[in-house]
Amino acid sequence: MSIFHPPPPPSSSAVKWLSLVSAVWVQSIAGNNYTFSNYSAALKSLMNLSQLQLNNLSVAKDLGKAFGLLSGLASDRLPTSLLLLIGSLEGLIGYGGQWLVVSKTINPLPYWQISIFMCMGGNSSTWMNTAVLVTCLRNFRRNIGSVSGVLKGYVALSTAIFTDLCFALFSNDPSSFLALLAVVPFAVCLIAILFLRETPFAVDNETEDSQYFWVLNAIAVAVAVSLLAFDLIPNPTSSVSIIFSIVLLILLVSPLVIPIHSFLKNRGRSGAAAEALLAAEEVAEVEGNGNPVIGEDHTIVEAMKTVEFWLLFVSFLFGVGTGLAVMNNMGQIGLALGYDDVSSFISLMSIWGFFGRILSGSASEYFIKKAGMARPLWNAASQILMAIGYILLAIGMPSSLYIGSIIVGICYGVRLAISVPIASEIFGLKDYGMIYNVLILNLPLGSFLFSGLLAGILYDMEATKIEEGGNTCMGAHCYRLVFVVMACSCVVGLGVDLLLFIKTKRLYSKTRDGR
């Protein structure tokens, strides 16, 4: 039996792309979870924290993602606009509270209170991400890899966008950085509320969509290149900084040409003359016991009963958990290796994380359509490369932090971009908001295991007390054992990914035939 949807109005393509552009803007400012290293040193100094206490603050930030279950539950019950509003308000309060402390507007708060603000800031992005991903994946059902790559790519760039804009405008002042984190996402989400919405489901014009994705990817690459070029300038003058800021803002607005072109191209068509394509969805067959099979719509309870769900969960844990540990500790890793300013390494991870996301999203989509290559194979490859990156960081040779930052950034990006469509392809889009937020519970779990416990405890074992309070450690030995353990974790993750690849190979062969 088939369910046929009525043809969309002539402007629906433009509305769909306008929704995606507004989603890109949200994702451009939604990567606040990866910026902790930019102001962690200021918090550590003002609050007289040990490295373990500082790392546990980063865990509190990532713990906010655990409350993303609320956004998952709300995604099918509340309008997209309300999800965005909740996330932006929570970020305004969470990062605003931290700004009050770092700017010395108020006296340092008790540890538990600043932990709550950290948690709120971390949770804010889950509402934004859920609203954006659920809406856009449903709007672009036949291009979910490309959509995931673009959206997750801009999340990666958001760290560099905030870091470089703060450096250009405020000379990397931590309090100004936190002010940007509080105010900018709130303002952008208020704009996106006007445009982000689901559109009627119809078969996509593959040629047109492919061309638009190429344009969107090209603009994203231009943003990344401009950020990278600015990072390579040793001591940019104020004039260069202002020019960079203007160019960056123009590039971020430029994706609007896509929905404008789509509207102008289709405005003269009537529903009959356009001969709009109708989309047919087959009613899913179920197993004899009433449970859906892999590739059909699952509820969260049904998904959690499958082996595939837990393989994906564990794989995600080893990949992003170790990556988060590096991001959260980049400030201290850089100081231990003799670098006073780690902002360039943070930007490197962000920018190369973008390339990992956008390339893996588009490439995996291409190889599914051409050869039925299962997406989990990309995750397996990233585990191998990430393990190599950790070994390089453990060796501590000259320039290892540059090379390691690039490798970890790329692989972390691949994990995030690939896992999003894998979950939708295995378990469907019906309850995707909840399934996605359960899967990313391993972000706070991974942060706690690899950053809060592993990195924090092993660093403090190597560190020495200092007169001003807290402790410090200098040299490659400070994090060597941490990197070795994380490399071993990636090897275990490789085995998990290969098993998931074997179990989903048949599904992706069918997916190729359907596309």
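Glycine residues also receive a Cβ, built from the backbone N, Cα and C atoms like all the rest.
Please treat TrEMBL annotations as automatic predictions, because they have not gone through curation.
The domain 'Nodulin-like' annotation in TrEMBL covers 16-260. Across the domain 'Nodulin-like' (16-260), the model assigns an average pLDDT of 87.
Under the heading transmembrane segment, TrEMBL lists 114-137 (among others).
The feature transmembrane segment is assigned by TrEMBL to 149-170 (among others).
Taken from TrEMBL, the feature transmembrane segment applies to 176-196 (among others).
TrEMBL lists 212-233 (among others) with the feature transmembrane segment. Residues 17, 20, 24, 143, 146, 149-150, 153-154, 157, 160-161, 164, 168, 240, 244, 247-248, 251-252, 254-255, 257-258, 262, 344, 347-348, 350-351, 354-355, 358, 362 of the same chain lie 6+ residues outside the transmembrane segment (212-233) yet bring a C-beta within less than 8 angstroms of a C-beta in it.
Under the heading transmembrane segment, TrEMBL lists 239-260 (among others).
Here TrEMBL flags 302-509 as domain 'NFD4 C-terminal'.
Positions annotated as transmembrane segment by TrEMBL: 309-327 (among others).
Here TrEMBL flags 376-395 (among others) as transmembrane segment. Below 8 angstroms of C-beta separation, residues 312, 315, 318-319, 322-323, 326, 333, 356, 360, 363-364, 401, 403-404, 407-408, 410-412, 414-415, 418-419, 422, 476, 479-481, 483-484, 486-488, 490-491, 493-494, 497-498, 500-501, 504 of the same chain, each at least six residues beyond the ends of the transmembrane segment (376-395), sit close to that stretch.
Here TrEMBL flags 401-423 (among others) as transmembrane segment.
As annotated by TrEMBL, transmembrane segment applies to 435-459 (among others). Beyond its flanks by at least six residues, the transmembrane segment (435-459) meets 33, 51-52, 54-56, 58-59, 61-66, 68-69, 71-72, 122, 126, 130, 133-134, 298, 300, 303-304, 312-314, 316-318, 320-322, 324-325, 328-329, 332, 419-420, 423, 427, 473, 478-479, 481-482, 485-486, 489 of its own chain at Cβ-Cβ distances under 8 Å.
Tertiary neighbourhood of the transmembrane segment (479-502): same-chain residues 308, 311-312, 314-315, 317-319, 321-322, 325, 329, 333, 336, 374, 376-377, 379-380, 383-384, 386-387, 390-391, 393-394, 396, 450, 454-455, 458-459, selected by CB-CB distance under 8 Å and a gap of 6+ residues from either end. Among the features that TrEMBL reports, transmembrane segment is placed at 479-502 (among others).
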